[in-house]
Structure formats: structure tokens, C-alpha cells
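K.L.:
Below you will find the structure I want to go over with you.
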Amino acid sequence: MSSFFIKKKGPQKVFKKSDLPGSKRKNDGSTGNKLQKKLTSKHNEEISSDSETESPAVHRKRRANVEEEFDETPQEKKLRLAKLYLDQLRNEEEKKAEEESFESELIAGRLEEDVVSVPAPIRLLRGHKLPVTCLVISPDDKNVFSAAKDCSIIKWDVESGKRLHTIAGGRKGTEDRHLGHTAHILCMSISSDGKYLATGDMNKLILIWEAATCKHLYKFTGHRGPVSGLSFRRGTHDLYSASHDRSIKVWNVDENAYVETLFGHQDVITGLDSGSRERCVTAGGRDRTVRVWKIAEESQLVFHGHDGSIDCIQLINEEHMITGSDDGSVSLWNVNKKKPLSTVKAAHGQHGDMGLEQPYWVSAVAALHNSDTVASGSHNSKVQLWKCGQGFRRLEPLFSVPVNGFVNSLKFSSSGKFLVAGVGQEHRYVQAWWWECHGLGLHERCRHWGATVH
């Protein structure tokens, strides 16, 4: 602690003018030196080496300042000591708070590492005879609906993992008497109130079901190619459908009515999604475009960014979306900007011989609505989770979940508590493209996938 100096009471020595430095009295400087020593011992003050050149007025002023500096009453001393004590306590508390904050950050980081390093248990639901192609989760997170290449639809109970209802698929040629699908089901969607379930297949048909009972309600026809995408507008029963015929159709399910058709893509449409606004977003496959369709204005916005076929798309919120491509990249978009905000090349790694490496095709993407969490799937035996960082300006990897097979569909639950993946031994479009592509080109792509086309 600092030392304190208090002026002693008692008779003060009075110095004559002749005794001060700078007087007319002759001296050899010894008197001035003795005075400097006495002041130093009495007041513990430093005197500069050039003090003898100062005038008497300046010296008197300096001596007065010294007396004022060390003239302190007991009350002032107590106040100053109290302030010093409080400052010391404050410094100690700040140091302690910094140490506790550092420790809490270390603990939080360790807990985060532990959560990431120990994934949640994975539950397997088996029931389809052929690869699963698509799935949806009910708005209350109680049920999962899945569809497959065996033309069947299964309703699952999330809590128990049991099958609640199965809509069997029919054989080709029985369309007139079979109420379900008789061709591969490629897409499905459920309304935001959980009332309607819509499914689309290779036979250009859209079937509408009552989600609670799995009762068949309506059949929509009009597309001239396989139905590849379905989405209910959030908060309504308006249904958007996409097809390999390059068109978007709008339906009103309550009225069992067709509304309108939109054109613009130059290749088959491979994915579709919508939010609460009167618009939808689509992925245009080999035309390498993403489009935002403004239904009311009857206009569209065209986006470019991927080097390959854009095969899946999902809205994160009303302003941002995520896409995946067979060039192995995952891109993050803003609906008001024509180029991606961020693109991760080879998001799932590469495979193949040295010098002939090919990126793993991104076959599915999903987004937790109104959050910064997205997921992507491929056939590299894992589902990758991502975080949209820096105000949706970049994608940061979080962790991966091991999954064997082709990830054909991904969906987050509304609560964000779980993620469901539809997995098969081949891509959902493999057999479909066999009839639409040249054999050589398709065979090469399948060789890279590791899939077998029969």
C-alpha cells in the first residue's frame, strides 16, 4: 500500500530573504545546498538540479504547493483510504469475473464437443420392399409418411416406430380399378394443418389423401411427364406441382380444381418448395437454374450458380433457400440476389481413382424452418449438418450422421427435435432416367454412383 505523509504540527522555521537562493548576499552555494537537504528530509520532495536559478517568487509558490500536498486531515485520509480499498475490491471482483467467464467458456466448449462427438441414437423403420424415394412429417411431429418405388405409402408412428397404415401399390395396367399408385412415387407433401396429403408418381398423376385416415379423395391429371415436386403453400390448401414436362401447375385442393400453369424451365424440373407467400421456388435440373415464381405477378426470377444439374431445393425462410447439385456442391441463396451467397464445393467429399476423382452427388437437402440449420445427403454414407453463419453469408459444417445408401429425402421435424432420412440402395431417378437418357451417358453416371440399373 502507498505511503502517506502528514505535516507535523509545531513551530515552523522562518527563512529570511537573504537565506533564499538568488539573494544579493554573496555565498558559495553551500547555504542553498543545506536548505535543499532540509526540505528533502522534511517533505520527501525531489528538487531539480536547476532550482538555484529559480526566482524567489517561483520558489515560494513551489513550497506552498508542497505544503498543500501533504497537509491532510484525518477525515480526508480516511476517505482516501476508503476509496483505495473500494478500488482494490473492484479490481479483485473484475479479475474473478474474468476467470469465471473464461472457465464457463471452456465448459461450454467442452459440452458442445461432447454433444457433437456423441450423436443421438438412430432408429430404423423398415417396411418398403423397394428404395424409399420421398417422405414428409406431420405438423404435430407425431407421424411420418413415406413412399417408395414399390408404389406404396406407409404412415408411421414416431414415438413407437410402428406402421399405422399402409396404402399398397398396384401393378401396371390396373390404374382404372386401383385407388393407389401403380408407378414409382417420386414426391409428396402435407398441408400445414395436417389435413391433406398429396403424392405424385411416374404416371403423371397427383393423388390427394386424407392424412388422418389415409382415405383417397381426389386425382389430379394434366401433367405430361412424371410429377417430380409437390408443395402446399403454408397456411392454405393451395398446391404447387412440378413435372418433367418443365411446367409448374397450381391447384386448389378444397375446390378440387386446377388453377393455372407456369412455364419457363428449359429442362426437367427436379425439385420444388414453397412458403407462406404466394410464390414457389424450383430447381431446373440440367438447365442449371433456380427460379422463384411470383404467382400473383405472373413473373419469375432466374438464378445461376451451380456447374451441374440442380437436383434438390428447400426454403429456409421466406428470404433464403438451399440447393444441392450433382456437381457435389451445396449453395445458399437469397431470393433477392441472382448469385449464391455461399457455395461449398465437394460438400460430401470425392471418390474414384487418383486423377479421376468425382464429387459425391448431393441428392437431398433439408432446412429447419426459420432457423440457421440445414442438412444435405448423398451416397457417401453420411448426412451432413450445416449452420448458416454470418447472417446467412456462409455455410459452416456442424457434424455428420452415418447413413448407408442413397439419401433420397430429408426432412426436419417442425420442433427441430429430429431429422428423418429416406434411404435406398439407388437414387430415386435411376430407373426413370433409363427411359429418358441415352444409355451410354446414364451408364457412365451410374458407374460413378456405384448403382446398378436393371
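Quick reminder: no glycine exception, Cβ is built from N, Cα and C everywhere.
Unlike curated entries, TrEMBL annotations are predicted automatically.
Quick paste from TrEMBL:
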COMPBIAS  1-15  compositional bias 'Basic residues'
REGION    1-74  region 'Disordered'
REPEAT    125-166  repeat 'WD'
REPEAT    178-219  repeat 'WD'
REPEAT    220-261  repeat 'WD'
REPEAT    262-303  repeat 'WD'
REPEAT    303-343  repeat 'WD'
K.L.:
Report, as numbers and ranges, every residue of the chain located at least six residues beyond the repeat 'WD' (262-303) whose Cβ falls under 8 Å of a Cβ in that stretch; write 'none' if there are none.
P.N.:
187, 225, 228-235, 238, 240-250, 309-315, 317-318, 321, 323, 333, 335, 337-340, 429, 436
K.L.:
Note the mean pLDDT of the repeat 'WD' (220-261), expressed as a whole number.
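P.N.:
A mean pLDDT of 96 is what the predicted model shows over the repeat 'WD' (220-261).
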K.L.:
Tally the residues of the repeat 'WD' (220-261) by DSSP class, grouping H, G and I as helix, E and B as strand, and everything else as coil.
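P.N.:
For the repeat 'WD' (220-261), the helix, strand and coil counts are 0 helix, 24 strand, 18 coil.
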K.L.:
Could you give me the DSSP helix, strand and coil counts for the repeat 'WD' (125-166)?
P.N.:
0 helix, 21 strand, 21 coil
K.L.:
Let's see if you can do this one: DSSP helix, strand and coil counts over the repeat 'WD' (178-219), in that order.
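P.N.:
DSSP classes over the repeat 'WD' (178-219) add up to 0 helix, 22 strand, 20 coil.
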